[in-house]
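So that you can see what the record holds, here are the features copied from TrEMBL:
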type    : residues : note
BINDING : R338     : substrate binding site
DOMAIN  : 130-291  : domain 'Aminotransferase class V'
MOD_RES : K193     : N6-(pyridoxal phosphate)lysine
Amino acid sequence: MIEKDPYLLTPGPLTTSLTVKQAMLRDWGSWDGDFNGMTAQVCQRLLEAAGGEQSHVCVPVQGSGTFAVEAVLGTLIAPDSHTLVLMNGAYGKRIGQILDYLDRPYLSIDKGDYEPPRGDEVAAFLSAHPEVAQVVVVHCETSSGILNPIEEIAEVCEQAGTRLIIDSMSAFGALPVSVAALPCAALVSSANKCFEGVPGFGFAIIERSLLEGAQGRCHSLSLDLYEQWRYMEKNGQWRYTPPTHVVAAFLQALKEHEAEGGVAGRLTRYTRNRNRLVAGMRELGFQTLLADEWLSPIITTFLSPGASTFDFRQFYDEIKHQGFVIYPGKLTVTDSFRIGCIGQLFDEQMDDVISAVANACKNMGLTLPVPPPVLTPDNLKSD
Ligand SMILES: *Cc1c(COP(=O)(O)O)cnc(C)c1O
C-alpha cells in the first residue's frame, strides 16, 4: 500500500485531484495533432476565464511562474521605457529584481509587508512621474496573503493613460478578473496555483495589439513571447519541447474548474476554507497579520505565539506528522507562518488542520489559547 501523501496547505505546488494526476499517465508527441489540440483548448479556456476573447491572446511558456513574469516584462517593456512597480512583499520585490537584470529603468512604491498600494497614491505618483509607461502590481501578494485592490489601481492607470501589468499568479482562477474591463495590458499566472494543475508552465494573457508590436524586443531567445505566440499561431506547436504531461494535466484541471462552477465556484470553496481556517485558528489564540478586509481566500499569515517554547521547525514537523504541510512565514519584521487554502482542500481538511495545530501546540507545551504574539498587528503598524 502506498503511504498517503500529506495535504499541501501551500500556495502551489498544491494538492491536485487524482484525475489530474491520472491525466499524466500518457505520452504525447509534441508535434502531434492531439497534443496541439489540447494546447489550443487550454489557451482558449484561459482567455475566456480572463475575459479577454475579443482583445487579448494567451501565450503559454515553459518553466515556473517567474519565467512567465520575466518573459512578459522582457517582451513588452522597451529598453528605455519607465515602469512603476508596486511592492508589498517578496513577489513585488522580485519584479524589481527582474527589471534590474533586464536593465529596464523603474521606480517603486514599497508599502512594506502588510499594507496595500492604494489608487490615490498611485494616481499622485503617476502625475508626478509622467515618464512612467507601465505599472506592475501583484494581485494577491502571496508572501503575506494580502489581496491588493487591483480595480482601483486599474482605474487610475487608465485615467493616466498608463498600461497595467498584473502578476496574478496566485489569484487567477479563484478571483474574478476581466482584462478587458479592468483594463489590463497583460496578466500573468501559472499552471500550479488556483487552477490546480501541476507545475511546469506559466502563461500570459496579453493585449493583442501590444504583443503585435513587440517583435525583436525581448532580451532572451527562449523567453520571447512574441516569437512563442507567432510560432504557435502558425504551427499550433510550442517553440521548443513543451511540458506535455503538464499540459494534459492542466486541461483536466480546467475541466474540473469548470465543473466546480468556474471562478465563482472556486472562490466560494476557497473563501469557505479561509473562513473556517481563520475562525478555528483564532479560537486557538492565533492572530492574523492582516485585518479581515485584506485577507485573501488564498493563503493566510498567522503571527507566531509569544512563547519561548514555540519553535516553527517543531511545529511544522508535528503538523506534517498529522498529514498536513504548512508554509514558513516570509515577513521581515516578525515571526510568522502561513497556511494556504487552495488546492483540493475541503471542510474536512480545514477542520483537521486546526486539530493538528492544537495537538502540535500541546506537544510543544503550550496552553490553549496560545499566548498573543510579541508583536501584534497594531504595534507593527506604529513603527
Ligand atoms: C507563485 C508566485 C509566483 C511565481 O513563483 P514560481 O516559484 O516561479 O512559480 C510569482 N508571483 C506570485 C504572486 C506567486 O504567488
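First residue shown is number 1, and so on along the chain.
Including glycine, each Cβ sits where the backbone N, Cα and C put it.
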- If you count Cβ atoms within 10 Å of each one, which of the recorded positions K193, R338 comes out on top? K193
- Determine, to the nearest whole angstrom, how far the Cα atom of R338 (substrate binding site) is from the Cα atom of the residue listed as 'N6-(pyridoxal phosphate)lysine'. 16
- Task: Note the mean pLDDT of the domain 'Aminotransferase class V' (130-291), expressed as a whole number.
- Result: 98
- Can you check what DSSP calls K193 (N6-(pyridoxal phosphate)lysine), collapsed to helix, strand or coil? coil
